[in-house]
Amino acid sequence: MSLPTVAIVGRPNVGKSTIFNRIAGERISIVEDIPGVTRDRIYATGEWLTRKFNIIDTGGIELSDEPFMTEIRAQAEIAMTEADVIIAVVDGETGITDADEAVANILYRTDKPVILVVNKVDNPERRMEIFDFYSLGLGDPYPVSAVHGIGTGDVLDAIVQNLPNEIEEENENVIKFSLIGRPNVGKSSLINAILGEDRVIASPIAGTTRDAIDTHFVDSEDQEFVMIDTAGMRKSGKIYENTEKYSVMRAMRAIDRSDIVLMVINAEEGIREYDMRIAGFAHEAGKGILIVVNKWDTLEKDNDTMKNFELEIRTKFKFLDYAPIVYVSAKTGQRLNKLPDMIKEIHHAQNLRISSSVLNDVIMDAVAINPTPTDKGKRLKIFYATQVAIKPPTFVVFVNEEELMHFSYLRFLENQIRKAFVFEGTPVHLIARKRK
């Protein structure tokens, strides 16, 4: 189930990033930070009062070539498009500015909840000044001091009160997937090609609270698919459409809503940092992954072309050694007919359940091949293992001492499990737990 999203907006220097870090870093537990986005962390996942949500700092989306006012307007537009709840931040020291009013004027157009946060209210005397901010027309102002953590809990309470109701899990038999990649890798052509070959379009439906359009279709075997929209702002032509950080943010949202991610790479350009960042996020999120190398028809080939390209993929995507690779051409249709079946195979692997008896036979055979490690004369002892989750398949291995289970031995056990069962295309998680 995808998580609701909270976006932070406001002019520069009002403390958006400090509020983001305060919310994400102390008063809630971070479930997962995005790998590779430590320098410009704009997206985190957290929990408050048992509700999980994603939080976006639109201030991290820099549009540096644009005029000041255009930039902050764009960030407000992004929030209105992406978020379920919007936090509008203003500065309690400087008071209301033209830029604050510009943001407020844009937010008037949304029917999404807006929480007005007055930052830098560091002493009781300044609390009396927050009433001036009622003139923005954004509701009751929440006084906070992000630096000192004052008032953060009240803001989090307001966020949770305004989150959309949790919906029941969707039909597990429906396969949700998205095509992710840099601009110009050919995602649109691939989408059109996938939908154009003997597919029955069931219904284009509007996304839950956003304007994104997901596409439902069934294949010849009556398997239902949902292609998660990643275009999002097709209508826009707006200045932020091609900024890399905004592109990353949209990709992360699509990954969050997907079961399986088709990581699309341009054969002409190879793998870039963007690809590695997004692939890392999909991997950490436990999604099924299929690597799709598009525009394969454009390369001059010899006997080693495919082997060398695969070597590059496996070298740069070391953490995706389980992900299958397919070389396609949206233009010529080369190998496109393989995609639906490969997606279904990954979906099957994600949902595979292994009985404890069969699993423990594999574990004991693995220990016989490679005995458990020792540390300071004490040997790791494995009592038994059991599967506790699917999507991704997750196993708990009960041992005498968790500290004795080295990462390398867990990886060995994972490899033995992968040899015994078909888990191609999905991460497999192994967790060591001390038997009580």
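Placed from the backbone N, Cα and C atoms, the Cβ positions cover glycine too.
Predicted, not measured: the structure shown is a model, and the values here were computed from it.
Under the three-state DSSP scheme, Thr58 (GTP 1 binding site) falls in the helix class. Summarising the annotation, Swiss-Prot assigns GTP 1 binding site to 10-17, 57-61, 119-122 and lists sequence analysis as the type of evidence.
Using a 10 Å radius centred on the Cβ of Asn184 (GTP 2 binding site) and all shown protein chains, the other Cβ atoms total 12. Per Swiss-Prot, GTP 2 binding site is recorded for 181-188, 229-233, 294-297.
Sequence annotations record features per position, and here Swiss-Prot assigns domain 'EngA-type G 1' to 4-167.
Taken from Swiss-Prot, the feature domain 'EngA-type G 2' applies to 175-351. Per-residue pLDDT, averaged across the domain 'EngA-type G 2' (175-351), gives 80.
Residues or ranges marked as domain 'KH-like' by Swiss-Prot on the basis of sequence analysis: 352-436.
Under the DSSP three-state reduction, Trp296 (GTP 2 binding site) is assigned to helix.
Each residue of the domain 'KH-like' (352-436) gets a DSSP state, and the totals for helix, strand and coil are 31 helix, 24 strand, 30 coil.
Within 10 Å of the C-beta of Lys16 (GTP 1 binding site) there are 24 other C-beta atoms, taking all protein chains into account.
Fewest other C-beta atoms within 10 Å: among the binding-site residues Asn13, Thr58, that description fits Asn13. Here the CA atom of Lys187 (GTP 2 binding site) lies 33 Å from the CA atom of Lys16 (GTP 1 binding site). When Cβ atoms from all protein chains are considered, those within 10 Å of Lys187 (GTP 2 binding site) total 21, not counting its own.
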